[in-house]
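See structure below.
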């Protein structure tokens with residue numbers, strides 16, 4: 001779609017470069033994974049958190065998972081595998097924005 005101009009993002013040349021940038025900015029890496037104990041809606045998000053999702057088929061490499069500050073999951077019905085990665089990222093991001101009162105445009109709308 002044509003929303004890329006509205007997004008803030010940075011490309012990193014390697015995992016180490018990405019991890020170093022997060023550390024330099026004091027940001028936490030929050031990994032969304034089906035194997036986590038903590039539910040996404042019970043996790044205390046902080047401003048600056050970076051939510052990471054992995055591949056639908058295999059998640060993230062173990063060394064990446066081990067570097068995460070926290071691991072969270074979206075509760076699923078027993079027997080269900082997982083949500084599509086884009087939907088899962090949206091659910092977790094919406095919860096973080098809700099907790100932080102961070103939804104864009106709030107206060108701009110007419111009642």
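Glycine is treated like the rest: Cβ placed from N, Cα and C.
Record note: TrEMBL gives 54, 74, 82 as S-adenosyl-L-methionine-binding, and the candidate from 22, 29, 32 in that site is 32.
Taken through DSSP, the domain 'tRNA/rRNA methyltransferase SpoU type' (1-92) splits into 30 helix, 15 strand, 47 coil.
Every protein chain shown contributes to the tally, and the Cβ of residue 82 (S-adenosyl-L-methionine binding site) ends up with 15 other Cβ atoms within 10 Å. In sequence order, 33, 34, 53, 59, 73, 83, 85, 88, 89, 92 are the same-chain residues whose CB sits within 8 A of the CB centroid of 32, 54, 74, 82, the residues recorded for S-adenosyl-L-methionine being left out. Averaged over the domain 'tRNA/rRNA methyltransferase SpoU type' (1-92), the predicted model reaches a pLDDT of 93. Sequence-distant contacts (6 or more apart, same chain, Cβ under 8 Å) of residue 54 (S-adenosyl-L-methionine binding site) comprise 31, 33, 60, 64, 85.
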